[in-house]
Amino acid sequence: MARKTPIEKVRNIGIAAHIDAGKTTTTERILYYTGISHKIGEVHEGAATMDWMDQEKERGITITSAATTCFWKDHQINIIDTPGHVDFTIEVERSMRVLDGAVAVFCAVGGVQPQSETVWRQANKYHVPRIVFVNKMDRIGADFYNVENQIRERLKANPVPIQIPIGAEDNFRGVVDLVEMKGIVWDDETMGAKYEVIDIPEELREKAEEYREKLVEAVAETDEELLDKYLGGEELTTEEIKKGIKKGTLDMTITPMLCGSAFKNKGVQTLLDAVVDYLPAPTEVSWIKGIDPKTGEEVSVESTDNGPFAALAFKIMTDPFVGQLSFIRVYRGQIASGSYVLNSTKEKKERVGRLLKMHANKREEIKELPAGEIGAVVGLKYTLTGDTLCDESHPVILEKMEFPEPVISVAVEPKTKADQEKMATALAKLAEEDPSFRVHTDEETGQTIISGMGELHLEIIVDRMKREFKVDAEVGQPQVAYRETIKAPVDQEYKYAKQSGGRGQYGHVFIKLEPQEPGKGYEFVNNITGGVIPKEYIPAVDKGIQEAMQNGVLAGYPVVDIKATLYDGSYHDVDSSEMAFKIAGSMAFKEAAKKANPILLEPIMKVEVEVPEEYMGDVIGDINRRRGQVQSMEDRAGNKIVTAMVPLAEMFGYSTDLRSFTQGRGTYSMEFDHYEEVPKNVADEIIKKRNG
């Protein structure tokens, strides 16, 4: 079957933004102008097409990334919706993996917000070229040039406006296109569907000339030929300027800036033109890397229809009508409904049921999905987020996604005994969809513990259990994911010998425990020489140590960042076994850890609080009371921004407290930053409580 859209004309883009920058509204307008949704959904009233889960409608924030397809100027644009709340950075990372380019939306009033910095860093990490859309130009306090400065200073990027606004706040009418040097004003009567091209207004002429010059200079620097021409005093043609903007965008030396007001229907068509003109096709980004599972060698996967099939599953969702949907991005070859593919990550064969393309929340059934495309597969049994699907005869494993460890846990129990099983099923399904969410049973209390990236993250999980799986759950007090580690190196011998009639047990080890740098994790070194412990027992010692690390010696929290070296020991021909050495390893670790100056670690959150100046003193006083350390203070749009490192344990219920002492005018965001030693007086309390 021939492709409907040649791969050069496909754009896979994400629209990334801070919570209130107006991302969903922008996406809605794109869908409106590209002719798919004829009625514009307003987030304020909770009817946006992209936000299709109930809670998103209520909270007005976008949670799951749905992939939507639309068309503009004979190009196909696949939009991956990315959430803007910091508890969902995992979703953002996940969508960054499969995008080729992004539109970063900033609010013309609020500018660069803390979350935008996180998202920007993630886009840098995955080398995602992006263009900037400064939204909400109609709002009081809108300042395009201020946002330009913030992008330069805070995000360390090189923003190059390719438009400047005509008017601002209530007088915002349109933009000056610096490439064509024309004005564009939108017609309010037709909801912005009509616009007219005008000469640049007299009062903006000088500013337009100044910014045109900056644009041409930035473009000239992307290419030797253009630079020679520019330095020789020649004019660059419109074509050359466009070519230069695209080149600079793709190699991320420049970030084109546009502006508008999605809500007032201004600037959306020019944004779509920029997506088509300046963001890359799948063939214009670097080939994705993979591993050949047979040899372990690195291979490159080219974006082309001709070649063995290879795709990445980036999102699993449960759909009430068709069951489990696996959203995939095809990198090479194509996939057909009814065919068989290999899940190389799990080494399982999968049958492809139906293939769907999503248009906001309508679905279209398709027969094939070619390279560079994004769609959903129905009927996969084993595939989870981050798995690779490929041709059985050409296995490849595409890059793995890295998921952060959860930092907060709560105990959940169903309100009725009858719901116990339903709850277990619901949680298992939700954990399949979201790798940053974990479920386990506490061995001592038998309680079900759920862990995630923040309070909001867990609230939404509990909420989804209720809505989608009809399970009402009681939620306990949030618990912090403490860890333990050691500060001093220790040598330890342990001999496990049991003689009680019949076959005995014998394992004898000498280990050295040493602290590692924070975040380095666990390392096991085998320094046994001369066969004092036979090879086959070495992994058992390692396993014993790792099992003992699950419950630390201070308060039973997992132990992190240690290096264990096995350097001596002895064995018995008859009585030694894997079991005996596992016990010896485990006991040696426990004994050593007690002497190695064990300490408790707690997650420290990077907290950003934005408040009017008069509440600044209260905020800082409160942060100090919470054992926090203020890192910096700055001004943003007439408010004060306080950045601080605060232990997660002290942050519970912060939103309520902040609301009360700022009369609801303070906002904050927080994300996990690192683990740090708990002060002794606090640690003693925690240990006493845990050990009862």
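Backbone N, Cα and C atoms are what each Cβ position is placed from, and that goes for glycine too.
Over in Swiss-Prot, the protein carries these features:
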| type | residues | note |
| --- | --- | --- |
| BINDING | 17-24, 81-85, 135-138 | GTP binding site |
| DOMAIN | 8-283 | domain 'tr-type G' |
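Counting every protein chain shown, the Cβ of Lys23 (GTP binding site) has 29 other Cβ atoms within 10 Å. Averaged over the domain 'tr-type G' (8-283), the predicted model reaches a pLDDT of 82.
Counting only same-chain residues six or more apart in sequence, the Cβ atoms lying under 8 angstroms from the Cβ of Met137 (GTP binding site) belong to Ala108, Phe144, Pro165, Ala168, Phe172, Cys259, Gly260, Ser261, Lys266, Gly267. Secondary structure at Lys23 (GTP binding site), as computed by DSSP, is helix.
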